[in-house]
């Protein structure tokens, strides 16, 4: 596979106004993608975005590029990333585009593509697009230019799809739910889904102004959600991130329920229903208690590299249907082709309604082990993880933790940092062990 110049693991991303997140690059990217995709079928590309102010600029530039290449641009407006994947499939579009930087601040943005099936573009298609980005732009004949249109009921279509994943025999009548949409792409979707299923909804993070996405709210900052749940005595709190592919939850006591615990609840319910195909995929950062709890249910568990892309790859390699990250990306392939915060939250709410149990009771089997993370900066040059001294200290700590904890040492891919993670039932031992390894890295 050729080295990527523009496409990262999650499309093209960066600071707005700095290359490559500029209108001229978006125009060229739309044109290059259009040229490659125009050789296929429907000649329609669906474009969705989150609520960042820069989305207007970037979608207009993409539209110009796509139509110049002979493809039609179909806008769905602010829409969660998983909704774009779903609508791309059902609309029979040639591809889908999401303009979002997920959980990042408002002045970042990104552009990523979905295939006609609602999955990541194949490597050879991305490579063909990158190759064209190096070529001068041209324009098709006037009669072959693409058009621009809008799906006015896109939100309604996705709301109905989300509701269809919740059993018709159940209702959320009687539940008081706080929903935090991070002033992001779920702001007009999630509250409607939950209200239509019968719940009483209290909204926070549903007033986007283009500049406030993810600001002290959403899946990456649940303090406002926790406060509101406790203040009004809600049954549960749900926090989505800016583009709606992550979910974090808060139980009625104000405890955070993360992606590992959510994954466990969904795995157990899927097993009980007789629908679990194979096992569950987590990541190197998944809590050891998740692995132990799944093992007690007889559910196989595999770890992928950190990143929902790698989780999905390992799921596909093994033919499994369920995976996720502790950060709240939960992928249920029986329901959607990518991480979907709303659908994952509905799966947990199904378990609550089905068994008449609180979220706190459902998470009882997964008592998360304390995790200590220390970032150690080094001077560059030789990788400290190759040092015999570091290896010896790490081996000693591993022996000490055998059966009751684990360590993970990773070199950052973007800066001279070694990330030291120690996880153990005993928080004091975890802290002491992490500091020991960090000290060895510093002195290597």
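Our numbering is plain: 1 for the first residue shown, then up by one each step along the chain.
Heads up, the Cβ atoms here are built off N, Cα and C, so glycines get one too.
Within 10 Å of the Cβ of residue 102 (active site, phosphoserine intermediate) there are 27 other Cβ atoms, across all protein chains. Among the features that Swiss-Prot reports, active site, phosphoserine intermediate is placed at 102, with the record citing sequence analysis.
DSSP gives residue 102 (active site, phosphoserine intermediate) a coil state; it is part of no helix or strand. If you look up Swiss-Prot, you'll see 102 marked as phosphoserine, on the strength of sequence analysis.
Residues within less than 8 Å, Cβ to Cβ, of residue 243 (Mg(2+) binding site) and separated from it by at least 6 positions along the same chain comprise 50, 80, 81, 98, 100, 102, 103, 184, 185. Residues or ranges marked as Mg(2+) binding site in Swiss-Prot (evidence: sequence analysis): 102, 241, 243, 245.
Under DSSP, residue 243 (Mg(2+) binding site) is assigned to coil, being neither helix nor strand in the three-state scheme. Sequence-distant neighbours of residue 241 (Mg(2+) binding site) (same chain, six or more apart, CB under 8 Å from its CB) are 102, 103, 182, 184, 214, 218, 219, 220, 328, 341, listed in sequence order. In sequence order, 80, 81, 82, 102, 308, 329, 338, 339, 340, 341 are the residues near residue 245 (Mg(2+) binding site), counting only same-chain partners six or more apart with C-beta under 8 A. Each of 50, 80, 81, 100, 103, 184, 185, 219, 240, 242, 244, 246, 339, 341 belongs to the same chain as 102, 241, 243, 245, is absent from that list, and has a C-beta within 8 angstroms of the C-beta centroid marking the Mg(2+) site.
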